[in-house]
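Data first, discussion second: the structure below is written as structure tokens.
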Amino acid sequence: MLLTIDVGNSDTVFGLFEGEDLLEHWRVSSKGRRTADEWAVVVQNLLHFDSLIHGDIDGIAMCCTVPMVQNEMRQMFRRHYGDVPAVIVEPGVKTGVPIRMDNPKEVGSDRIVNALAAARLYGGPAVVVDFGTATTFDAVSARGEYVGGAIAPGIDISVEALSKRGAQLHMVEIIKPRSVIAKNTTEALRSGIVYGFAGQVDGIVDRMAQELTDDVDDVTVVATGGLAPLVVDECETVDVHEPWLTLIGLRMIFERNT
């Protein structure tokens, strides 16, 4: 089985594939420093929790946006999974995605993985919206090229900043409000968060689609990321919600490199 690992600034998501089937997935916090051995304990506990053992893993694929974690993960692979082929998405790894950027090396590996998965699953042109620590928008051409994107503050950090800077505002559970026109502060915050971010997504996606092609109806918009369920149903431009897009892309990249 293939173990896929998507390390983000807030969470690390693990996925276990058998062939093309995602058998299981887990989410743990990326915050706080863990050593290579501690990450190995996390992985082993997750596998044993589902009655899986070390010997079941015959491949590993990872993308990571946190350099410190990537270094520890790399050591963990060598120390605890030395006989298992491991692919880390970084410069030199075959992705099959031409990167049309001023500096291709500065593009986050998760964004390239998402672009590959979107192009392979749905075809181009496409826009991937990833709701994470930041909300990222990634544009894929009709030829499957990564042609650029946009980065906006994510939902959680925006809410946190608002509660810290607003003397009479507080943290709220982010759920769909009863109406856009709220009757109390809690509902007003929820309305602004849910419909504000949905409007942001629709606005940026519309503009990207116009730059990608003359026929905007040809553009497939794919939403992913841990925070997508909070607003994706209110986004008029989103065609597909694929929560495991990054894990699927990692599986595809592993297959290209082994």
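Cβ atoms here come from the backbone N, Cα and C positions, even for glycine.
Residues Asp6, Val7, Gly8, Asn9, Ser10, Asp11, Thr12, Val13 are given by Swiss-Prot as ATP binders; from Thr133, Thr135, Thr136, that same site also lists Thr133. There are 31 other CB atoms within 10 A of the CB of Asp6 (ATP binding site), with all protein chains counted. Note on Thr12 (ATP binding site): other Cβ atoms within 10 Å of its Cβ, all shown chains, come to 23. Reported as a whole number, the C-alpha separation between Thr185 (substrate binding site) and Asp6 (ATP binding site) equals 36 Å. Here the C-alpha separation of Gly108 (substrate binding site) and Thr12 (ATP binding site) works out to 15 Å.
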